[in-house]
Amino acid sequence: MVCFRLSPVPGSGLVLLCLVLGAVSSYALELNVTDSEKATCLYAKWQMNFTIHYETTSKTYKTVTISDFSTATYNGSICGDVQNNPKIAVQFGSGFSWTVNFTKESSTYSIDGISFSYNISDNTTFPDAKDKGILTVRDAVGFKIPLNNIFRCNSLSTLEKNGVVQSYWDVHVQAFVQNGTVSTKEFLCEKDKTLTTVVPIVPTTAPSPTTTPTPKEKPEVGSYSVNNSNGTCLLATMGLQLNFTHDKVVSVININPNTTDFTGSCQPQTALLRLNCSNIKYLDFVFAVKNENRFYLKEVNVSMYLVNGSVFSIANNNLSYWDAPLGSSYMCNKEQTVSVSGAFQINTFDLRVQPFNVMEGKYSTAQDCSADDDNFLVPIVVGAALAGILILVLLAYFIGLKRHHAGYEQF
């Protein structure tokens, strides 16, 4: 956890900001605002990104995804007083700002409105943009929460207006915190209520130490992509089957691409593809560049909702799968297994990925995983050939030596 201590906000004490670094370029923001007595009055922890669709001077359209908040500042975040309501204010990147306002009634408080501003004059982020200046998108949310409850929404929520899509997930927020203590009583969004009220499946007999799951049919192949200011920057096509063990029970889930949302981000050295659906909070594939000329799957993070309401989470940032040269794609039509941990594996089918150097939204020449098998066989074949040659040389030597001794015996 990396913490930044900001200068005091007038009238609201000290603000402590913590960035919990999870998947590459996917930041969980955590904000704790305290009053003049250093008691917490406003708490928030969340993840978000923004996708902006804009028109260029040549009358075409481009899409930019904003997901890097590593330089965020929180000037203007306040607890609120008689004249002002609580507010979260975030500034990041080149001219971006995001604000959430809260209001209070007798027994509830509301997330009153959300506004997002961006500087479309920034030619680095918005090349060839037709419009200029600061553009602002305002959404009147009006979502009410009981006082002394923390609002929680792990599910993906989106706001779409004027060509801007705001995406939020893993949201925990409480305004008007009482007695300086963040509540443990959660008020859930509708999507999370659906997820946590699923009736658990109770086995009729006690399970064996590790049960064997019923074999699943081959999963449907889905196509996923990530865009940035230059267009499509990541492509992935694959069928996904998740195998996990929880409380000694093995389960198998096939990912349905028709009900799966996807997002992500692209950086020069890393790329992220994030999938989520009704029972999968997130499934992250993080790619990295190595030796400046190859890419590989470096990290997988997963968090899933189980039928009993609990959450199954696994992360591994020390993987080495799907290795291929930069400027190419990696392809494997046969079934492969990505072993994330002893309790979680991913089976892939008809896989093809290219997380870097995508040109015109199309895959580049593929390195097939069968080449790995060929590379494995080459040293075996060469070794066997050398061994055969050595045996022939030795046989010829001994035969010649024997004839030489026979010649001496005749005298």
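Cβ from N, Cα, C; glycine included.
If you look up TrEMBL, you'll see 1-28 marked as signal peptide.
Annotation comment: TrEMBL describes CYS153-CYS189 (among others) as disulfide bond.
What TrEMBL records for 219-358 is domain 'Lysosome-associated membrane glycoprotein 2-like luminal'.
Per TrEMBL, the feature disulfide bond maps to CYS332-CYS369 (among others). Using a 10 Å radius centred on the Cβ of CYS369 (disulfide bond) and all shown protein chains, the other Cβ atoms total 19.
Taken from TrEMBL, the feature transmembrane segment covers 376-399.
Residues or ranges marked as domain 'Lysosome-associated membrane glycoprotein 2-like transmembrane' by TrEMBL: 378-408.
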Between CYS332 (disulfide bond) and CYS189 (disulfide bond), the C-alpha gap once rounded to whole angstrom: 40
Counts by DSSP class (helix H/G/I, strand E/B, coil) across the domain 'Lysosome-associated membrane glycoprotein 2-like luminal' (219-358): 3 helix, 99 strand, 38 coil
Cβ-based isolation winner (fewest other Cβ atoms within 10 Å) among the disulfide-bonded residues CYS153, CYS189, CYS332: CYS189
Rounded distance in angstrom between the Cα atoms of CYS189 (disulfide bond) and CYS369 (disulfide bond): 43
Separation of alpha carbons, CYS153 (disulfide bond) and CYS369 (disulfide bond) (Å): 40
